[in-house]
Ligand code: OAD
Ligand code: ZN
C-alpha cells in the first residue's frame, strides 16, 4: 500500500503557472510561450534529452482517434457504441457549489478567500494537522458552518446516482467531505471518499472512535474542540488534512479500478491537490476522458510539463480522446443525461428527492418543536 500524502506546495506552484497560461490562451488565443520566456524549442529539447537519458522511446506513429468528436456528443456516442459499463467519475467541490457549499479556490466565493475572520497564518492552515494541534478552534468553527445535513444534493450527485442505477458506474471518487453522495443514494461500495468524511471521528491521542451524532452534538453545543471521553485528546472528524494519509479504501481501489476504466468523467475540480489529481493519468491510453468544469483544468500534470504525457490532452494537436464541457456542472450533467436519453429521468429524480428531503426536514423540525413545547410545559407545571 502506498503512503502518498498531500503534497500541495509543489503542485500549487505548477497550478499557478497553469492557471496563468490557460487564462491568457483563452483571452487572446495567442501562443504565450515567447511572452513567458519559455521557447518551445527548449521544452522540446529538454524533453528529448530526458527521454533519451531515461530510455523512454518516443512514439512517432499517428495515434488512433478514439472519439469522433471532442465534446459531449463524442463521449455519448462512444458510450453508446461500446455499451460502456465501467465509467469512473472523479469529483471536487464544484459539484456541490449549487447546493450552497463554497468551493476552495474560486476567486471571491472560494473558501480560501473567505477565512480572514479566523486569523490564520495562511488559508490552508485550517486543514493542516500541525496548525490543528496548535489551535483546533478555527476548524471546528468552520465545520459548524459547513456541517453536513444542512444541504441537499445537486443535479450532479443525482446524475452519478443514475449512472449507478443503470449499472454503468464502476466507482465514484470524490474529494468532497460534505457526504452529499451518500445523501443522494450512491452506495458505499461504489464510493471512494478520498479526502475522508464527517461520517466518523477519532480521538487524536488514543484513537477511540466517535459517531457523527456524538461530534455534531458537541460542535453544535459549542463544546469546541470536542474532547475524548477516555483521555484529554481532541476528537477530530475523519477528514483528511494536509499532512495525513488518504484512506486505505482509496489506495486499494485505485490499484484495480483505473486499469479497467472505460470512460473517465471529471467534474468540478481544479485538479490541484495530489495524489487525487494524477488519478486522471492512471486510465488506459485509449480511455476517453471528459472534464465538466467552469474552467479548464488538469491539462498539465507532473511529467506532462516535460512532454512525457500525463494530463488532459484536449488542447493538444494530437489529442485522440479528451473532451471538455465548460460551464456549470449541473448544466453539463443535464446535457450529458439528455444525450444519453435519460434527461427527464434525471430531472424527475432530482425533484422527487428534494421534495422528500424537504418533507423529512419539516417533520423533523415539527418533532423538535413539539418536544420543546412538552419540555416547556413540564417546566411550567414545575414552576
Ligand atoms: P477547488 O476549489 O480547488 O476547485 C473547484 C473547481 O470547480 C474550480 O475549477 C471551479 O472553477 C469549479 N467550479 C466551481 N463551481 C462550479 C460549478 N457549479 N460548476 C462547474 N465548475 C465549478 O476544489 P477541489 O478541486 O475540490 O481538501 O479541491 C481539492 C481539495 O483542495 C479539496 O478536497 C480540499 C482542498 O484543500 C481538503 O480540504 C482536505
Ligand atoms: Zn482519547
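Note: Cβ is positioned from N, Cα and C throughout, glycine not excepted.
Taken from TrEMBL as is:
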REGION    1-40  region 'Disordered'
DOMAIN    65-343  domain 'Deacetylase sirtuin-type'
BINDING   93-97, 103-105, 175-178, 293-295, 329  NAD(+) binding site
ACT_SITE  195  active site, proton acceptor
BINDING   203, 206, 228, 231  Zn(2+) binding site
REGION    361-383  region 'Disordered'
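In terms of C-alpha distance, the listed binding-site residues 93, 97, 104, 175, 177 place 177 closest to residue 231 (Zn(2+) binding site). Neighbour density for residue 95 (NAD(+) binding site): within 10 A of its CB lie 33 other CB atoms from the protein chains shown.
Secondary structure from DSSP puts residue 293 (NAD(+) binding site) in a beta strand. Sequence-distant neighbours of residue 203 (Zn(2+) binding site) (same chain, 6+ residues apart, CB-CB distance under 8 A): 210, 228, 230, 231, 233, 234, 235. Ranking the binding-site residues 93, 231 by other CB atoms within 10 A of the CB puts 231 at the bottom.
Spacing of residue 293 (NAD(+) binding site) relative to residue 195 (active site, proton acceptor) is 20 Å (Cα to Cα, whole number). A coil conformation is recorded for residue 177 (NAD(+) binding site) in the three-state DSSP classification, outside any helix or strand. In the shown protein chains, 15 other C-beta atoms lie within 10 A of the C-beta of residue 295 (NAD(+) binding site).
Less than 6 Å separates the Cβ from ligand 1 in the case of 97, 104, drawn from the binding-site residues 97, 104, 206 in sequence order.
Proximity to ligand 2 (Cβ under 6 Å from any of its atoms) holds for these recorded positions out of 95, 195, 203, 228, 293: 203, 228.
Excluding the listed site residues 203, 206, 228, 231, the same chain places 204, 205, 207, 208, 229, 230, 232, 233, 235 with Cβ atoms within 8 Å of the centre of the Zn(2+) site Cβ atoms.
Of the binding-site residues 177, 228, 177 has the largest number of other Cβ atoms within 10 Å of its own Cβ.
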